[in-house]
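*Asks:* So Swiss-Prot says this about it:
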- 6-26: transmembrane segment (TRANSMEM)
- 29-49: transmembrane segment (TRANSMEM)
- 87-107: transmembrane segment (TRANSMEM)
- 221-241: transmembrane segment (TRANSMEM)
- 256-276: transmembrane segment (TRANSMEM)
- 325-345: transmembrane segment (TRANSMEM)
- 373-393: transmembrane segment (TRANSMEM)
- 440-460: transmembrane segment (TRANSMEM)
- 462-482: transmembrane segment (TRANSMEM)
- 546-566: transmembrane segment (TRANSMEM)
- 574-594: transmembrane segment (TRANSMEM)
- 642-662: transmembrane segment (TRANSMEM)
Amino acid sequence: MQKSLVSLAWVFVAILGAICLGVLALHKGESINTLWLVVASACIYSIGYRFYSHFIAYRVLKLDDSRATPACVRNDGKDFVPTDKAITFGHHFAAIAGAGPLVGPILAAQMGYLPSILWILIGSVLGGCVHDFVVLFASIRRDGKSLGEMIKLEMGKFVGMIASLGILGIMLIIIAILAMVVVKALAHSPWGFFTIAMTIPIAILMGLYMRFFRPHKILEVSVIGFILLIIAIYAGKYVSLDPKLASIFTFEAGSLAWMIMGYGFVASILPVWFLLAPRDYLSTFLKIGVIGVLVVAIVFVAPPLQIPKITPFVDGSGPVFAGSVFPFLFITVACGTISGFHALISSGTTPKMLAKESDARLVGYGSMVMESVVALMALVCAGILHPGLYFAINSPEVSIGKDIADAASVISSWGFSISAEEIREMTKNIGESSILSRTGGAPTFAIGLAMIVYHILGDPSVMAFWYHFAILFEALFILTAVDAGTRTARFMIQDLLGNIYKPLGDLSSYKAGIFATLLCVAGWGYFLYQGTIDPKGGIYTLWPLFGVSNQMLAGMALLLVTVVLFKMGRFKGAIISALPAVLILAITFYSGILKVMPKSNDSVLNNVSHVAQMQIIKEKIALTTDEKALKTLQKSFFNHAIDAILCVFFMLVALLVLIVSVRICSNAYFKNQIYPPLAETPYIKAA
């Protein structure tokens, strides 16, 4: 009887979710209540976790708690430590939930709310959550090895070496785009810059406090750090109101890029306990706390989505990012649905912390469910804004101009009527000098959060504080990701350089570490700086390249797991990784090809393609006589050439992994030949 009631309850959940999703898809009004989205997502995620993740865990992967995990076998109290699954879940979620789920859906909102909602909900349950879960499983069974090492073991040394080069390149693009989000949020914002600058001495104070005064008191020091952050936000307001202080803390995007490069270099060579660890604790508590409060606030306020279900920009003519709904929506949403970056985390620190194999279900699948919830919240923050305001914030200066009146006129001509006064009022309410062309996701998310708080408290004067709190919240964990990403990429560079000159691969060598860090920062710093001087704002051209590379990395990770499952003889079960791998690679190969197509009569495709842009710029160079304009065009030509080369390189790496994967799987299925042999570690019984 009880079993029947439970089954009926799940049937009700499924029907309720389908009805809510149907309402979102078929609604024809100007706005729709966000509660339809909240209920639909709760139902779909519940069903996905309860049934699909259970099927994967016990019918496909066959998780075995009697088998000792790497954390138990190699417990050293440092890198390998068996940890409670709730703590491991928090660590893993904090590590994967970077800027991606906040930025991608906000950019994709230019096409309307419906395409993003469908892709986030369906794609994450069947693709992204599966990706994180199965890569974590593969790493657990291989002594916690990294993605590159696992590809080398399961597909051969040559493929592993090429894949490692590709992974490093993708990592540098990821760090650059993370830093770009911070630059876009802090440019010309003395309040924001002062607050973020204060987090450095606060983090150092926390590190010293925990190292020498109160060791291991993580909660205590995080509370102290949080109080100091709130004080810094309040102080930032008075800094912005004082003309002299405001001028000291106001910087152009280019200057901020150099500062972040310097910060990334210094932070990644300092001892972890001095800056990175305390900042990580603080950002983790902030991240989980803010997201939890925001979910409750959205349910409580239930603001209407004002952005249309589908906008005219599905054809790719939108100002925020280049490309049509297929395939560029998928690579734009990126981390909100599936992210190759997560494969690096799922094969990094997390597999070294799991106490039992069954914990991988909550940590791997469950954390990605939470990340896609963050993506939906970001979409809500963008969607509740007046569409005209959304485009004012996210359209590049070259499209709408510098003047508020001009921007309002241009945006209104697109069919999203807004007055200059409405833009000025929002600018004043959040305590900024301008909100025009602040593409990057962070300002849009922050304004959306501030508006939700305003609806609760009913006082517009609170918006400035909550806007800057949200900027602090985002910048804090993004800069933590920049620290950690630079450190991780440094290890990758040293591993590769060690094959050329052995001393450079010595991780204990301070000089080798500094040299590798310089190469790393130069790599991502180049893309960051070029993005800041890009006339379209950097995000317009960098984010699609990030999306293509990130999704290709996810495809390669899923191919690795498919190879592993075929070697284990689980041919039918391998469809759980093979199907999303084929879909993701098909989408990214198509988008990658479009990005290197020659010039055509289609203006949308020309905006997407780096090669087409090179041809257009070459024509302009031939007609330009002004020396300054000529230098700008030559720089732009060079940048597009680099982006095109990288795009082709990433596609070739993914194609190599795909070909080798097909060969290994076909040999295993048709000839029963397993080569290279399965690299799974021997079974050791758990204590």
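Using N, Cα and C of the backbone, Cβ positions are placed for all residues, glycine too.
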*Asks:* Among 6-26, 256-276, 574-594, 642-662, point out the range having the most Cβ pairs under 8 angstroms from the transmembrane segment (462-482).
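*Replies:* The listed stretch sharing the most Cβ pairs with the transmembrane segment (462-482) is 256-276.
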*Asks:* Using a Cβ cut-off of under 8 Å, list the residues of the same chain at least 6 residues beyond the transmembrane segment (325-345) that approach it.
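*Replies:* Distant Cβ neighbours of the transmembrane segment (325-345) are 92, 95-96, 98, 100-101, 104-105, 107-108, 111, 115-116, 119-120, 123-124, 127-128, 131-132, 135, 146-147, 167, 170-171, 174, 314-316, 368, 371-372, 374-376, 378-379, 488, 543-544, 546-557, 580, 584, 587-588, 590-591, 594, 608.
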*Asks:* Any contact between the transmembrane segment (29-49) and the transmembrane segment (373-393)? By contact I mean 3+ C-beta pairs closer than 8 Å, pairs at least 6 apart along the chain.
*Replies:* yes
*Asks:* May I ask for the residues of the chain that lie six or more residues beyond the transmembrane segment (642-662) and have a Cβ under 8 Å from a Cβ within it?
*Replies:* 151, 155-156, 159, 162-163, 165-166, 169-170, 173, 541, 545, 548-549, 552, 555-556, 559-560, 562-563, 585, 588-589, 592-593, 595-596, 610-611, 614
*Asks:* What residues elsewhere in the chain lie close to the transmembrane segment (440-460), defined as a C-beta under 8 angstroms and at least 6 residues from its ends?
*Replies:* 99, 102-104, 106-107, 180-185, 294, 297-298, 300-301, 303, 378, 380-382, 384-385, 389-390, 393-394, 426, 429-430, 466-468, 470-471, 474-475, 539
